[in-house]
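Listed in TrEMBL:
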type	residues	note
DOMAIN	27-143	domain 'MTTase N-terminal'
BINDING	Cys36, Cys72, Cys106	[4Fe-4S] cluster 1 binding site
DOMAIN	167-414	domain 'Radical SAM core'
BINDING	Cys181, Cys185, Cys188	[4Fe-4S] cluster 2 binding site
DOMAIN	416-479	domain 'TRAM'
Amino acid sequence: MELIEKIIDDKIQGKALVTENKAENSKKLFIESYGCQMNMNDSEIVAAILDKEGYNTTQILEEADLVLVNTCSIREKAETTVRKRLQKYNAVKKVNPKMKVGVLGCMAERLKEKFLEEEKIVDLVVGPDAYRDLPNLLGEVSEGRDAVNVILSKDETYGDVSPVRLNSNGVSAFVSITRGCDNMCTFCVVPFTRGRERSRDPKSILEEIQSMIDKGFKEITLLGQNVDSFLWFGGGLKKDFKKASEMAQATAVDFAQLLDMCATQFPKTRFRFSTSNPQDMSLDVIHVMAKHKNICKYIHLPVQSGSNAMLKAMNRQHTREEYMQLVDNIYKIVPEMSLSQDIIVGFCGETEQDHKDTLELMEYVKYDFGFMFAYSERPGTLAGKKMEDDVPAAVKKRRLQEVIDLQQEHALYRTQQHLGKVEEVLIEGTSKKNPNEWKGRNTQNTVIVFAKEHYKLGDFVNVKVEDCTSATLRGTAVGYSDNN
Ligand code: 5AD
Ligand code: SF4
């Protein structure tokens, strides 16, 4: 039990991902995942595909037949980290030449030649839309040939692949609902590495959720680069409709409808979703959130900058005023909503006034959480090609610190609002600091720790909040919630 809990508590990123082994599988897969939750979920899809090829997962690099690293390109630092890991794998490969090394995910397309031909540090390169081709590519590798498939697809959603849950706590899981991104923010490499945006068939989403619930999962996070622009045309029989437009209207499912379907069909399951783009978030979604207790009151709503000049240069499809209007509407419809941001400081041409606009916008929203970054130029993006990365590193660093400090203040302000309240918490694991305490999250996504007593992993418990830091609430359980 202790070991299992340790694995659960470990950070997912950059750790060997494992699941229960099958006796009939004879080969060993060591798989690591870097970057976002989409990548993590993709690694689970890869594990499912390779399970059928006879691979069990392992945490021991030295015993692996196949080593795969699912890579991230979002900032330069993410790429540097992956490169270091590839060096490590190659050192092990020198001792165990039978071992094969593959690169998956976002670095695949851009660096395939470099990895395979120039540096010869990998045997296999597979892009995010080509995982079904893995068995075939592994065949090539076993015959001594390098294998590569980085073709991006317009329709691949892996809708029918049931992911193998890796490093799972058995309580919360991710289900991908869209892939790719069509937004073309000028700083971002994602549209190039992950391709065009596409939505998954709602039927396969609901089936996957049902199978997760059958396995005991209590919380599902619907994932996509841009979940609010989810749109599925399909279903229904053509002959039932007179015109194509009528059919499309009658059978299209948008994000608000999908969320409503999920929450209605599975009333005891908690739902979260990420990421929301301001321009695509409709009031319908917020009303659906207000309607269902089991949709968590938390929205990750990246703003990137509080300055209209920067938003324009970034090709964001919203202004500062539109964003603030959306936030007003959100707080009006769901006053207890928690919000988080992504902010980039030091984008091309960012002036001191632009930076002040960002701080001011943060003051207006008072985000519960934030993810803040210094701009990192990415090859191939419009900003990388056409704009000058002209904010000096020291200025970026200072602005980043100011944004982080302000976020810290707001986070504390937000956690303090929970003091004295009784809140429903889903138990997700043992607290890192104290083995006698559980940790879980309230509907707003704030972490709460409390004494374990007789409660179990996966229970919904009412907890009275008694203390807080800017990141964590502390409290005492007062009984089971009515959701058990
Ligand atoms: N530099 C810094 N941060 C970036 N992000 C995306 N691209 C870059 C970049 N080139 C940030 C954005 C995005 C988050 C996932 O990563 O804030 O929302
Ligand atoms: Fe990148 Fe913008 Fe798409 Fe987010 S919305 S993945 S930042 S292009």
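Keep in mind that glycine also has a Cβ here, set from the backbone N, Cα and C atoms.
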Non-site residues, in chain order, whose CB comes within 8 A of the mean position of the CB atoms of Cys36, Cys72, Cys106 at [4Fe-4S] cluster 1: Tyr34, Gly35, Met38, Asn39, Asn70, Thr71, Ser73, Ile74, Ala78, Gly105, Val190, Thr193
Candidate binding-site residues Cys181, Cys185, Cys188, pick with smallest Cα gap to Cys72 ([4Fe-4S] cluster 1 binding site): Cys188
Spatial neighbours of Cys106 ([4Fe-4S] cluster 1 binding site) that are distant in sequence (at least 6 apart) but have CB under 8 A: Gly35, Asn39, Thr71, Cys72, Ser73, Ile74, Pro128, Val189, Val190, Thr193, Arg194
Among Cys72, Cys106, Cys181, Cys185, Cys188, the binding-site residues whose C-beta sits under 6 Å from ligand 1: Cys188
Alpha-carbon spacing, Cys181 ([4Fe-4S] cluster 2 binding site) to Cys36 ([4Fe-4S] cluster 1 binding site), which is rounded to whole Å: 14
Those binding-site residues in Cys36, Cys72, Cys106, Cys181, Cys185 whose CB falls under 6 A of ligand 2, listed in sequence order: Cys181, Cys185
Integer Å distance between the CA atoms belonging to Cys36 ([4Fe-4S] cluster 1 binding site) and Cys188 ([4Fe-4S] cluster 2 binding site): 14
